[in-house]
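Novice: I have a structure here, written as structure tokens, and I will follow up with some questions on it.
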Amino acid sequence: MITMKNVTKRFDGTGAAAVDDLSLDIPDGITVALVGPSGCGKTTTMRMINRLIEPTSGTILVSGRDVRAADAVELRRHIGYVIQQVGLFPHMTIAQNIASVPRLLGWDAGRIRARSSELMQLVGLEQSMLERYPRQLSGGQRQRVGVARALAADPPVLLMDEPFGAIDPIARTRLQNEFRQILKRVKKTVVMVTHDIDEAVRLGDRIAIMRDGRIVQYDTPETILSRPADGFVENFVGADRALKRLTLFSTGSIMTPGTGDASLPRVDKDGDLRDALSAIVAARSTAAAVVDEEGKMIGTITQAAILAV
Amino acid sequence: MNLLGQAIDWIIQNPEEFNRALGQHLLMSITAIVFALAIGLPLAVLILRHGSMAAAAINSVNGLRTLPSLAILAIMMPILGIGLWPSIVALTILALPPILINAYIGLRDVDADVIEAATGMGMSERQILRKIRIPLAAPAMFAGLRTASVQVLAGATLAPFIGGGGLGDFIAVGIAGMDQARLLVGAVPIALLALGTEFLLGQTERLLFGERRAA
């Protein structure tokens with residue numbers, strides 16, 4: 001649980017507050033995406049949680065403890081941190097990179113080794129990569145290592161600053177979906193900063209839309225997309241917000257089970273409703289056949305059912 | 001007989017004199033390098049922490065660099081007199097700029113994202129210096145050592161002008177007596193020392209830091 005109470009940050013020599021009397025409650029185990037245009041204060045907000053930036057006023061509690069009660073360096077060892085450019089240590093192997101925080105905490109070698117191996121499996125990397133250097137990995141692999149390194153000491157809270165910003169668009173979507181699964185599995189409280197509403201919708205359990213140092217709307221992706229609080233949010237989430245909302249539902253959850261009609265366009269049961277609707281529109285049909293992993297037809301989804309969601 | 005042959009002959013016939021000069025040359029150079037490292041590396045860390053000092057330190061050291069080696073030796077004479085120690089001080093000043101500047105720039109220019117990640121995961125300033133900055137600046141520091149070593153080995157040639165001895169003695173004697181063979185007794189070993197050091201340190205550098213460059 002992270003609680004921010006009336007937090008304000010004013011940087012020296014600037015008139016307006018970067019973060020202006022902001023209050024935010026983040027329940028345990030969920031992912032919150034702080035999203036907004038550049039300069040809205042989202043990164044400053046996140047960086048105040050691990051005290052990379054000190055608030056001018058207000059209180060921040062992590063698991064009930066005031067972050068300012070502890071030593072900042074000590075505090076950070078218990079909060080995972082992932083940044084856009086990953087920042088892997090180039091002179092250390094992947095194993096040494098992952099071991100960074102456990103070493104700071106004084107874990108013994110055996111425990112570190114076991115944990116590293118477990119993490120490599122979690123983030124979907126080969127064990128053999130532990131002996132490589134960051135330079136020898138692709139951008140996506142490096143970001144996986146970045147997440148493994150942040151999770152190494154099993155911190156309850158994970159902060160992520162534009163974690164997919166440096167990854168090419170095709171790999172990005174796949175990685176985002178995978179990270180969504182990983183974050184669900186490890187049950188961390190995650191605060192993620194992004195300027196990309198699609199990323200926020202894909203990964204966030206809650207989205208906090210920020211503007212000029214304040215939170216304009218803090219809600220589930222579903223509510224943000226279906227009932228934007230004001231014109232700014234409506235504009236920010238985009239004119240296609242109704243279609244974006246469809247990405248929140250899987251085809252399998254809306255379909256009518258049955259054998260299906262072979263003449264209909266086919267859609268994957270794990271795909272989202274936006275893709276299903278697209279397939280229906282492309283075929284100038286009114287429905288689509290839903291297929292499972294093996295390509296077997298397991299049901300039907302109609303245009304009317306999608307529009308009724 | 002050619003000049004080089006005469007020079008080799010001279011060395012064979014006067015091994016003690018040659019070895020003493022070589023010993024002095026190496027002693028002066030190595031001591032100066034050790035001093036320059038002992039001053040330059042901590043100074044680089046110090047000015048890294050106090051940004052305001054960095055410009056002043058780098059500029060004064062760069063100023064020193066524009067002085068010709070002979071001028072440094074000449075300046076030392078009225079201050080420290082003549083002999084081995086003034087030569088060592090002069091050579092230390094000669095070695096300081098490449099060591100300090102390389103170390104400082106190496107430490108300073110570590111990727112900001114790497115420092116951000118290290119800070120964010122809970123490393124103290126000291127740990128960042130020890131575990132991140134110094135290892136990442138090591139290749140630059142080593143390159144500074146390499147440049148300084150070659151400069152000092154060659155610069156020590158001028159030590160005889162303030163009574164420092166070394167292989168430069170033969171060159172001084174050779175010039176004074178118009179004896180080209182004697183001049184080569186000094187010049188050839190100095191050139192070989194400088195080239196050999198450059199080569200050996202280059203190889204060591206590759207051995208120590210080569211794996212990082214391998215893709």
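A Cβ is built for glycine as well, from the same backbone N, Cα and C atoms used for every other residue.
Nobody curates TrEMBL annotations by hand; they come from automatic prediction.
Since this is a predicted model, take the numbers as computed values, not measurements.
Annotated domain 'ABC transmembrane type-1' per TrEMBL: B:22-201, in sequence order. TrEMBL lists B:26-48, B:69-96, B:152-176, B:183-201 with the feature transmembrane segment.
In terms of burial and nearby residues, how do these features look in this structure?
Specialist: Here the transmembrane segment (B:152-176) has long-range neighbours at 20-22, 24-25, 28-29, 32-33, 36, 69-70, 73-74, 76-77, 82-84, 86-88, 90-91, 94-95, 182-187, 189-190, 193-194, 197, meaning same-chain residues at least 6 beyond its ends whose C-beta is under 8 angstroms from one of its own.
Outside the transmembrane segment (B:183-201), and at least 6 residues removed from its termini, the chain residues within Cβ reach (under 8 Å) are 3-4, 6-7, 10-11, 18, 21-22, 25-26, 142, 145-146, 149-150, 153-154, 156-157, 167-175.
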Novice: Sequence-remote contacts (6 or more beyond its ends) of the transmembrane segment (B:26-48), Cβ cut-off under 8 Å?
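Specialist: For the transmembrane segment (B:26-48), the sequence-distant neighbours (Cβ-Cβ under 8 Å, at least 6 residues beyond its ends) are 54, 57-58, 84, 87-88, 91-92, 94-96, 99-100, 103-104, 107-108, 129, 133, 141, 144-145, 148-149, 152-153, 156, 159, 164-166, 193.
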